[in-house]
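Database features (TrEMBL):
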type    : residues                                            : note
DOMAIN  : B:37-218                                            : domain 'Electron transfer flavoprotein alpha/beta-subunit N-terminal'
REGION  : B:191-212                                           : region 'Disordered'
BINDING : B:ARG238, B:264-265, B:278-282, B:295-302, B:ASN316 : FAD binding site
Amino acid sequence: MSSKLRILVPVKRVIDYAVKPRVKSDRTGVETSGVKHSLNPFDELSIEEAVRLRERKQPVEDILAVSAGPAKCADTLRTAMAMGADRSIHVDVPEDKPLEPLGVAKLLKAIAEKEKSNLIILGKQAIDDDAAQTGQMLAGLLNWPQATQASKVSIDNDTVTVEREVDGGVETLRAKLPMIITTDLRLNEPRYASLPNIMKAKKKKLEKKTLGDYGVDATSRLKTIKVEEPPVRQGGGKVEDVDGMIKKLKDLGAL
Amino acid sequence: MLTIAGQSALRAVRARSTSHALSSHFESSSLARLLSTLAILEQRDGKLNSGSLGAVTAGEKLGGSVHGFIAGKSAKTVAQEASKIKGLEKIIAVENEAYDRGLPENWAPLLVENIKKGGYTHVIAAHSAFGKSLLPRVAALLDVQQISDVMNIEGEDTFVRPIYAGNAILTVQSTDPTKLLTVRQTSFPPAEIEGGSASVEEGADPKAESSTEWISENLAKSDRPELASAEKVVSGGRGLKSKEEFDRLMPPLADALGAAIGASRAAVDSGFADNSLQVGQTGKNVAPQLYLAVGISGAIQHLAGMKDSKVIACINKDPDAPIFQVADVGLVGDLFEKVPELTEKLKSQ
């Protein structure tokens with residue numbers, strides 16, 4: 001007998017991938033106010049995959065999108081619902097005290113247990129902190145199997161087969177539900193939310209919660225000492241032709 | 001080499017020894033106890049993966065003792081080879097076929113057991129597919145906030161890492177009792193594999209079952225240098241227009257230079273090149289002596305993966321492409337003319 005899929009999709013609101021982040025002059029972080037934010041691109045893939053599982057006639061009972069962060073995360077969740085998530089939970093976390101991956105993993109564990117999730121699809125990394133940890137941490141805390149950097153997912157009853165990107169190629173793993181999957185770029189091509197679906201998403205349920213509601217202590221373990229601009233590379237200018245290129249590469253000791 | 005980290009540990013010991021009036025003998029043994037690193041070494045089919053040896057280099061930079069950790073079917077044989085790695089005091093080996101495929105489900109309990117047994121203050125793995133998949137799971141089991149893709153160690157608890165695709169550099173201080181790090185391979189070159197004489201010790205084996213079954217793998221075969229560690233890299237982008245053109249132009253150029261082949265995300269997404277060749281924020285980080293970008297515009301996500309290269313050269317027909325802002329040598333021109341010409345001229349040298 002196959003179980004009904006109750007999919008949990010954690011999503012993060014991040015500075016849009018096309019924006020070049022600017023380091024604050026006091027070196028405490030990156031300027032976020034007045035900067036365009038979007039759904040983390042890898043999380044779009046997670047939502048898309050969950051919706052496609054339903055479209056492939058898998059017994060998907062529920063797709064729940066969750067985000068932890070300031071009030072504006074609600075917009076991110078509306079986007080996720082416009083793409084096909086059924087409902088969402090916004091866990092309010094003050095903007096000046098963002099959670100670390102370990103804190104997020106603890107929160108997600110509590111939510112997954114409460115919501116009886118049996119498949120959790122996360123992005124492989126958020127493009128702001130580039131940590132690539134939350135999915136694996138959550139898998140460890142729940143003691144569930146994990147398949148990170150997935151490029152293909154297929155489900156047959158309770159058995160999940162995942163192709164994952166590894167150094168030098170792909171690897172295929174198989175595990176039983178419940179399971180954690182993190183998405184790689186090759187997994188799918190996320191759809192755009194259509195206007196009618198954006199309108200419909202406004203009527204979908206968005207619950208507001210706090211860390212306290214889940215009894216999660218997510219105290220930070222890391223202290224930011226400083227955030228700096230990377231050293232600027234000086235472009236060395238252009239050469240006229242191929243001979244010029246070879247000569248300059250030799251001068252620079254690269255050939 | 002006594003490093004910043006070693007010195008600050010030493011200060012801590014001195015502070016304690018002053019207040020408790022301890023002997024100098026205790027002082028040095030305290031230092032050893034205060035800082036001890038477990039470096040996770042990867043092996044494949046009984047062969048040590050040199051890409052993982054950056055973990056040893058990072059451990060040495062911290063100061064204190066550095067132990068290596070190896071598990072798998074031929075762990076003891078690999079341990080003998082690894083015992084010559086410079087900087088390692090001891091190797092912990094766990095010989096059990098169950099660990100051959102590097103599955104985090106049984107590796108994580110294995111590491112937790114050995115970390116606790118050894119009382120390590122630092123645990124370091126390479127920021128490879130294996131390290132990335134495993135170490136956060138270990139961190140969660142130990143209730144530790146891991147630090148990913150470390151590019152510099154400033155002290156025993158202070159680490160530097162890139163955020164926002166390398167557009168900002170973050171220095172963080174960890175308050176966790178055990179520090180778990182994955183280290184950037186291009187920032188910590190492999191430790192030398194000769195000159196050392198580590199002892200080999202059998203590690204604890206909790207024999208946890210893996211809830212995941214390894215089915216198969218399909219690795220891209222290549223006779224060329226490995227992308228992440230190559231001294232020269234030629235990389236192709238969307239400008240190559242098709243897989244046929246990529247395959248026609250890039251391999252001869254790579255061979256003329258003795259270079260590895262890389263690709264931009266656009267080239268990979270368009271099917272010109274295999275996923276494993278992608279250079280950038282979501283692909284590989286490279287820092288070769290020479291990085292030659294062909295038909296690559298230079299989006300920030302791509303630059304994230306290659307801007308630490310020693311010399312960057314590019315060929316692009318758009319003189320305003322952002323790649324020219326970072327390139328030491330830029331040639332504006334049609335790559336379909338310039339690449340064959342460059343290949344020929346390099347070959348005739």
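Including glycine, each Cβ sits where the backbone N, Cα and C put it.
Least crowded of the binding-site residues (B:ILE296, B:ALA299), judged by neighbouring Cβ atoms within 10 Å of its own Cβ: B:ALA299. Listed binding-site residues: B:GLN278, B:GLN281; maximum Cβ neighbour count within 10 Å falls on B:GLN278. Under DSSP, the residues of the region 'Disordered' (B:191-212) split into helix, strand and coil as follows: 0 helix, 5 strand, 17 coil.
Reduced to three states, the DSSP call for B:GLN278 (FAD binding site) is strand. In sequence order, the binding-site residues near chain A, meaning those of B:ARG238, B:GLN281, B:ILE296, B:HIS302 whose CB lies under 8 Å from a CB of that chain, are B:GLN281. The binding-site residues listed here are B:ARG238, B:HIS302; among them, B:HIS302 has the most other Cβ atoms within 10 Å of its own Cβ.
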